[in-house]
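*Asks:* Just lifted these from TrEMBL, have a look:
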TRANSMEM  7-27  transmembrane segment
TRANSMEM  326-346  transmembrane segment
TRANSMEM  353-371  transmembrane segment
TRANSMEM  383-404  transmembrane segment
TRANSMEM  424-445  transmembrane segment
TRANSMEM  457-476  transmembrane segment
TRANSMEM  516-533  transmembrane segment
TRANSMEM  842-862  transmembrane segment
TRANSMEM  869-889  transmembrane segment
TRANSMEM  895-916  transmembrane segment
TRANSMEM  944-966  transmembrane segment
TRANSMEM  972-995  transmembrane segment
Amino acid sequence: MYKFFIARPVTSWMFMISFILLGLYSLRNIPIDRLPDVDFPTVSITTTYPGADPNVVDVNVTRVIEDQISTISGIEAITSQSFSGISRITISFSLEKDIDVAAQEVRDAVQRAMKDLPKGVDPPVVRKVDTSLAPILAILLHSKTADYQTLAYWADKVIKRDFERIDGVGQVDLGGFRDNVMWVRIDPQKLYSRNLSIQDVIDAIAKNNLEAPAGAIYGKEREYIIRFYGKAKDAKELEEIAITPNLRLRDVGYAEFGEDEKRGMARFMGEQAVALIIYKQSKTNTVATAEKVKQRMEYWNRQLPPGMRMDITFDSSVFVKDSVRAAIEEIIIGSLLTAVVVYFFLGSLRLTLVPIFAIPITLLGTVFFLYQTGQSLNTFTLLALAVAVGIVIDDAIVVLESIYRRRKEEGLSPMESAIKGTRVVVFALLASTASLVIVFIPIVFLKGVVGKLFGSFALTLIVAIALSYLVAISFTPMAVARLVDKVGEENPFTRAYARFEAFFDKLLRWSLEHKLVVVGLSLVSVLVGFQFLRMVKKEFFPLVDEGRFLVRFETPVGSSFEYTEQKTKEVEEVIRKNPYVDRFGLAMGQGVAGRPTVNGGLAFVYLVDRSKRPHQREVMEMMRRELAKIKDIRVSVESAGIIGPAGGRQVDLQYVIKGPDIEELQRISERLIAEFRGKPGYRDIDTDLRLNEPQLRVKVNREKLADLGLSVEQISNTLNVLFGKFQLGTYELGSESYKLYVKAFPEFVQNIENLKKVYLKNFRGELVPLTEVVEIQETTGYQVLNRYNRQYSFSFFANLSGEKSLADAVAELEEWLRANLPPGYTFEATGQAKEFARSFQGLGFALIFALVGVYMVLASLFESYRHPFTVLVMVPLAVMGAFGLLILTNTSLSVPSYFGVILLVGIIVRDAVLFIERIIQLREEGLQTREAILQARKERLRPILMTTITIVFALLPVALGLTAGAELRKPLALVVIGGIFTGLPLSLFLLPILYETFDSIKLRKKENL
């Protein structure tokens, strides 16, 4: 193959240029995103049971549906929440489950359950949860002067509709939004004084506010559809509806068009706001879509009324752009540094340009593959491309150095040098490439979140490695043969290297005579390395400084909206005073993070540029300390999170505790909080158990109810109309339709004593006081009942400070749980803790399979059981440097650093293969073992040093971690660089010793036969 390219340079150039052109086209069109597409197959079921308390909802709705869906295959977890009047069930499936199939199976199960649901339950709503589509933008429309109705109109009727038409935008949600409604407010006392009930009002409105088809007239020549228009045109017409012949609605109440009840809100920097949450369509470019939205935002900022404007509180495209720019910078700087290394070794600018040309050819070819397979440029594929720079240079250097040696030492022509130099190394290059590829193949098939994320990393690297090999045996020899007519001149560096080579030759001869010393040092290195492994901190993913985080807060259960709003302003003040905060938006009340209650909220905090502040972790800790001074509030300061289903809690430690009795779970929860709240290293300790909600319990006396001619349904409906929010059709204004609600006067609803002033009308037309047939008790009850996999449960949440590793926290928490949970109560890791355990177990198996795969590939290529073993023995030598550098730089062993270990295996094996393959060649040519070793050292030392140093220099910009998103890339680079520093020097001496030892044993066996 290489001879063809050497002989046909024009064809070679056209072939390589086509790679570049296809790559540039792909680079222009490929989606750019934060993460690969990772869809967590999730289906939700929401069921409304008006008026039912959480316990009734749990028993009669949630459990009934759970029983039916539990038989579906592929379920990982069933999580349910029973609130007052609402059941929410979330079914999480394994990542391999097809979401459409899962959704249909859930719908079928819900259909079977409906026959067992009680009367009055609304049909369950089943929907797929697209967790892969996190918001790309959060924009707040805000004003100091405009009223809320004006803000809501512009947000909902104008801007939202405009944004939804933008190419690439999939969905626009509103936050802190209250739509306008038509209110019919009733004064119950005026009703009762006229011997009327709430039901009389409901019936009157229903009969006098409707429109419907009323048949048709079929004439001989024409037909007419009769349409009856009987709806009130405005509030005044509604008030004229007759309840009795002599009584109008205005006599017992009033109608008013206005905003819905204030049960939630959004604010921007303390100003009233409405949030527009932008989601992109699947497979679209995050950066391009965000830019289109921002252009329209600027347009509308020029059109909005004075004093009103839009500002961005969350923009994922900024981090994406910064990460892409940083990765490109690291690739360019790494390439330049490797070019310097090559130049120093070879002393020729032309020779140096050859491997540098190989980089864009290989990387752009890889981008073309990514584009054609529907992948994106994201954090993980860009990391793979940065790593690939060193590998591309390595392949080109091996071929280049071999050709250079033939040209310099044997005096061959450029063409002859290219052919012979490539022939000598082509098998070694194939073996090293195959061993490097086989290391990453198990990663592609890893299951779980890590498999989905790093599968794209591994696949990208595999393609880049394969293309690098093709470029090295095609473009490189052709370019050297055609572009280089003489070898580089000697310079001070080449003369210094010649002296180093002579010194190394003496050192190698000495080590071959003192084998035990080298073996002893190697064993000490391995033992120290594994001790470092025990010492290094362990976590799932490092905290990425994205310059943004969340503040989640909650007032005590039962707190009013007004009280929570007061505490929200205190939270705002703390955030505003922080010198590192650039801007922030905040939402509180119903609907925030899916909560149906008003006693909590969420703030989105954006920080100033990273050059003007400390690391995000320090700012979060500073914020945490100040927020802790606010009384009567629970606070959690959380990172935005690199992975995980959208909307979930982004805490470091999350466990679910399950058991049969909810009261016992409450006691466990209290003990757990008390135990860990004072422990060093733990932050934001909390659980989601909320059992003390203030309630007024209305207990029916059925005997009196029957005697007085009343029903339970009457009581429920009357209370729902007066104190709930009863929808009675819609109200049309122009082309828009609004809900029509009936409710008691606000003054009546706000007074708890008025519950005792409610009257019901029996079938005889008599008004009966509610207190005649019920007993009203003030008590506490459940705000929400949580279940996990069909058992009562609560979740424990905690964040960790820098000195506490996730592995230590998991061990400490599980030890306490095992010692303190009563029989019948169990626990299970969820969130990051679950993925931490699953990923490290999966990566451990992947590493084992990689080592086995490398052995099998090398055994097949060398046709030997012994030589692959000799190569693999070199791998543990890198352990000391890899984990030692992590400890030295205070970096945790996380998923990225574990991938660095796997990459390090491939690099160490690659260098060993280059050495041992040449020894085998020379032995086959008739040289004695010692002579073959020394000659192979002479021929392969420089390419091994060059490839090793170039990969270190290629990863050096990544290891420095000075750019956006570096926290994800840095651990991998540190592991590789540290491992090379200890693995390479020891392997250069240990490998020849092992080869000579095994070869002498083999020879003695032959002599004894």
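Just so you know, glycine gets a Cβ as well, placed from its N, Cα and C.
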*Asks:* Could you pull out which residues elsewhere in the chain have a CB under 8 Å from any CB of the transmembrane segment (7-27), counting only those six or more residues past its ends?
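*Replies:* For the transmembrane segment (7-27), the nonlocal Cβ contacts are 360-361, 363-368, 370-372, 377, 467, 471, 474-475, 478, 481-482.
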*Asks:* Please work out whether the transmembrane segment (424-445) lies in contact with the transmembrane segment (895-916), by counting C-beta pairs under 8 angstroms that are 6 or more apart in sequence and asking whether there are at least 3.
*Replies:* yes
*Asks:* Are there 3 or more C-beta pairs under 8 Å linking the transmembrane segment (457-476) with the transmembrane segment (972-995), counting only pairs at least 6 apart in sequence?
*Replies:* no
*Asks:* Which bits of the chain, at least 6 residues beyond where the transmembrane segment (326-346) starts or stops, bring a Cβ under 8 A of a Cβ in it?
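*Replies:* Residues packing against the transmembrane segment (326-346) from afar: 352, 355-356, 359, 363, 382-383, 385-386, 389-390, 393, 397, 400-401, 404, 487-488, 491, 493-494, 497, 942, 945-946, 949-950, 953-958, 963-966, 969.
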*Asks:* Do the transmembrane segment (842-862) and the transmembrane segment (383-404) come close, with at least three CB pairs under 8 A (pairs 6 or more apart in sequence)?
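*Replies:* In this chain the transmembrane segment (842-862) does not contact the transmembrane segment (383-404) - fewer than 3 Cβ pairs sit under 8 Å.
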*Asks:* Applying the under-8 angstroms CB criterion, which one of 383-404, 457-476, 869-889, 944-966 scores highest with the transmembrane segment (895-916)?
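*Replies:* By Cβ pairs under 8 Å, 869-889 leads among 383-404, 457-476, 869-889, 944-966.
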*Asks:* Are there residues at least 6 beyond the ends of the transmembrane segment (944-966) whose Cβ is under 8 Å from a Cβ of it, and what are they?
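*Replies:* Here the qualifying positions are 319, 322-323, 325-327, 329-330, 333-335, 337-338, 340-342, 345, 379, 383, 386-387, 389-391, 393-394, 397-398, 401, 544-546, 610, 907, 910-911, 914-915, 972-974, 976-977, 980, 984, 988.
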*Asks:* Within the same chain, where does the transmembrane segment (383-404) have neighbours whose Cβ lies under 8 angstroms from its own Cβ atoms, ignoring anything closer than 6 residues to its ends? I mean 6 or more beyond.
*Replies:* 327, 330-331, 334-335, 338, 342, 345-346, 351, 354-355, 358-359, 362-363, 366-367, 417-418, 421-422, 424-425, 428-429, 433, 436, 456-458, 460-461, 464-465, 468-469, 471-473, 476-477, 480-481, 487-488, 896, 903, 910, 914, 942-943, 946-947, 950-955, 958, 968-969, 972
*Asks:* Sort out the residues at least 6 away from either end of the transmembrane segment (869-889), same chain, that have Cβ-Cβ distances under 8 Å to it, and list them.
*Replies:* 522, 525-526, 528-530, 532-533, 535-536, 851, 854-855, 858, 897, 900-901, 904-905, 908-909, 911-913, 916, 971, 974-983, 986-987, 990-991, 994-995, 998
